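Here is what TrEMBL records for this protein:
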BINDING   86, 87, 88, 89, 90, 91, 92, 93  ATP binding site
DOMAIN    1-482  domain 'Myosin motor'
C-alpha cells in the first residue's frame, strides 16, 4: 500500500485497517512490520512457502524476508542477519520460528534442519515463562546462526543465548509463572521418574506457589513435557543426561523448600533436618550428589580469605535465605548453559563451515513494570543498542550515501538515542562503570549506589534521581523507574 501523505496518523490508520483484514504484515522500506494477531491465521504452511519460493506471491511476509536473505547470501556470498525487535508480547519468538521454518524448507535435505527446528521446544521449556502480557514470553535473548553449504543446503547451526532472567527461578509476580519446565516436569514425568525425583504437586513448592498461577489456558503441560523429551532425543541428548537434567530441575524446586533453624541469640542458622520424615535439605543433597553436611556448610556459612587466612563466617537467617536462592539461580543458569552447549554439539558445523550463514536475532523486547530490577536494566540497555543499529542502517548510513553521491534529498529527522547510550556506556562516569565500581566495595548498598548515580549523572537528560534508592532512565521507548 502506497501512502500519498506520510505521517504518524496515516501510518497507524493503515496498520489498523490491514490488521482488521487479517493482513498482519506491512512493508516499510527494508523493514517488515508485524502486528501480533493473537489468533491462528491462514498465512503459513507448505503452500505459502512454495508460493514465496516461486515468486507467485509477493505480499509482505516473514517468508519474503527469509527468502531475500537466502537469495542475497547466495548471490553476494555475504552473511545475512534478520533482526527481530519489539515489545514483550509482540510475537518476536514466533516470527523467528516462522523464518527458521522457511529456511529449513528451502535449505533442507541433510536432516540437520529438523534438528534445528527441534531446538525450539527445549529452549522454550527452559527459557520461556508465562507473564502478564504473554503466555510464552522468552526470558532470554537468542542468536541462531544457520550455516549453509556451497549448494545452499543447511549444514549446521550455532546458538548463542544472552541475559537469562535468573530471578524468575526464585520469585515471580502474582499471575505469572516460573519457567515452563518446572510445571511440565511435575505434570508429565512418568511414575518411576516422579519417585526418583521425589516430585510433589506444583502448588506445594514454595518457589512456584508464591504467584498463585499454575497453568496456562489451552496448554497441556504433561503433553509439552513429552514434546521436550522427544526433542531432546532428536538433538542426541542421552537418556542418562536427560535424567540428570530433570534431577537438577527437581533440586532447584526443592531448594526453595529448604528451611533454617536459628541456633543462637545472634540469629545464626543451620539447615533444618527432620527426624520423622525426609526433609527438603536431604532431598536436595541426594539430587545434587553431595552430603547434607556439605549442603549445610554452603548455605549457612560464608568462606573468605583475608591475608592468606581462611575465615568462616556464620550466616543469619536473611543471609542464608539469600544464599539458598542464589544457589538455586546459579544451578538453573548453569543447567541452561549446559543444554545450549549440548544442542550446539548436535548442530555442529565443524569442517562443513563455508562462511555462508544467516543469523536470526530474537531478543527481549523493551520492558517497564511497576517494579523493575537489574534484568530490566540490562534488557532495556540491549534494546537501546538495537535501536541505534536500526537508526544507523535505516537513517544515518542512507543519508550519508546521499550526501556522498550528491543526491538532492529532504533530510529525515529521527530521534537519536546516543545520549541514553552515553548514560550507560560513558567511562568512568556511566551507569555501567559506576555499577562496576560500587560492586567492589564490601559495604555497598542499593542506597549508596543510587546516591553515587545522583551525584555524577544528574546533568544527563536521560537520568533522573528519585527519592531514596530509586532512579529513572528515559529510554527511546519511555521512562523506566528502577
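Note that Cβ sites are derived from N, Cα and C of the backbone, with glycine treated the same way.
For the recorded ATP site, residues 86, 87, 88, 89, 90, 91, 92, 93 set the reference point as the centre of their Cβ atoms, and the other residues of that chain within 8 Å of it by Cβ are 36, 134, 365. According to DSSP, residue 92 (ATP binding site) sits within a helical segment.
The number of other Cβ atoms within 10 Å of the Cβ belonging to residue 89 (ATP binding site), over all protein chains shown, comes to 16. Sequence-distant neighbours of residue 90 (ATP binding site) (same chain, 6+ apart, CB under 8 A from its CB) are 34, 36, 365. In the three-state DSSP scheme, residue 86 (ATP binding site) is classed as coil. Proximity of residue 93 (ATP binding site) to non-local residues of its own chain (separation of 6 or more, Cβ distance below 8 Å) is seen for 124, 128, 136, 138, 362, given in sequence order.
Counting only residues at least six positions away in the same chain, the Cβ atoms of 131, 133, 134, 137, 364, 365, 366, 367 sit under 8 Å from the Cβ of residue 88 (ATP binding site). Every protein chain considered, the tally of other Cβ atoms within 10 Å of the Cβ of residue 92 (ATP binding site) stands at 24. Using a 10 Å radius centred on the Cβ of residue 91 (ATP binding site) and all shown protein chains, the other Cβ atoms total 19.
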